[in-house]
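Novice: Here it is, the structure in full.
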Amino acid sequence: MKEQLESLRNEALEQVNSAEDLKSLQDLRVKYLGKKGPITEVLRGMGKLSKEERPVIGQLANEVREAIESAIKDKQEHLELEKIKAQLAEESIDVTLPGRPVQSANHHPLTAVIEEIEDLFIGLGFSIAEGPEVENDYYNFEALNLPKDHPARDMQDSFYITEEILLRTHTSPNQARVMEAHKGKGPVKIICPGKVYRRDTDDATHSHQFMQIEGLYVDKNVRLSDLKGILTVFAKEMFGEDRQIRLRPSYFPFTEPSVEMDISCFHCSGSGCSVCKKTGWIEILGAGMVHPHVLEMSGFDPKVYTGFAFGMGPERIAMLKYGINDIRHFYNNDVRFLKQFKRA
Ligand code: 2NL
């Protein structure tokens, strides 16, 4: 029996030692130490032994069991460690590899043009002023010399929330708000960019929602020649140093006198092409001297203060600058369009 136990130990230890994975180790545990295993069998048969043999064989059986148990335990720890090592080697990350390139985006062409215009006027001492898109009738119309029955309101039909509340048709109401907040004391020197709305049918040159940029300069002794000077700088910076401007008489209810500004054609320099419709001139914006009544309604004394104002559509500016033929391109978010304005 003694020899039997010893050869059992040798056989078991050898097999444990050569086990290649945790699964076969577990099988060996069941095989040698399980309820139906040889050691259990030996212990169970102890009753048949003599009084003298019993403690000797009992002790040996326990020793063999402990030896196998500890061999399995050591082997298990070894195999688990190997498994983790293999996993670490497999999943290791080479931190010295270059990263994947980050997709760089670009400004929307309309945003780029608006920011270019903003920067230009900031350089001329203007501040940016933004205001509500949902306006009331007073700021959108009344304060700008467009009383309820004024025919010019027809051209600026809007989306009404109530009789008195509407989506603004221009950014001017915000200019009126800023003037009012100055409580009759100049200077007011602001640029108002933002979304505006008109009840219009969308086509290549019209949209029910579009952007506007307005400028306003109110102070003592502001004159039409100041407007002309500022607009000349603007035209040259946006469309090239050799641009000339011309002012044609026009009409807006909120300015008097009112003008329309053209720039000399940047495409043909005046000889006549399709961009300027063979006139040599391109219409860019509307402007004028702030109507005395508008100044007065917003708290400025028109005998002391004068001002100029202008308004332009950045979509139109961007279309001219980049040769875009349909205003709807700005709003459709087609990447094939947007990617063309990636800066180098
Ligand atoms: C255009 C013409 C213009 C103004 C906007 C203005 C604002 C105040 C007072 C007086 Cl608060 N005027 N704005 C003046 C003249 C023309 O816009 O064709 N815009 C696209």
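Glycine is treated like the rest: Cβ placed from N, Cα and C.
Not measured: the values here are computed from a predicted model.
The following feature annotations were taken from TrEMBL:
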- E256: Mg(2+) binding site (BINDING)
- 111-340: domain 'Aminoacyl-transfer RNA synthetases class-II family profile' (DOMAIN)
Novice: Applying a 10 Å Cβ distance cut-off over all chains shown, what neighbour count does E256 (Mg(2+) binding site) have?
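Specialist: A 10 Å sphere around the Cβ of E256 (Mg(2+) binding site) contains 15 other Cβ atoms.
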Novice: What does DSSP say about E256 (Mg(2+) binding site): helix, strand or coil?
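Specialist: Strand, per DSSP.
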Novice: Where does the mean pLDDT land for the domain 'Aminoacyl-transfer RNA synthetases class-II family profile' (111-340)?
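Specialist: For the domain 'Aminoacyl-transfer RNA synthetases class-II family profile' (111-340), the model's average pLDDT rounds to 95.
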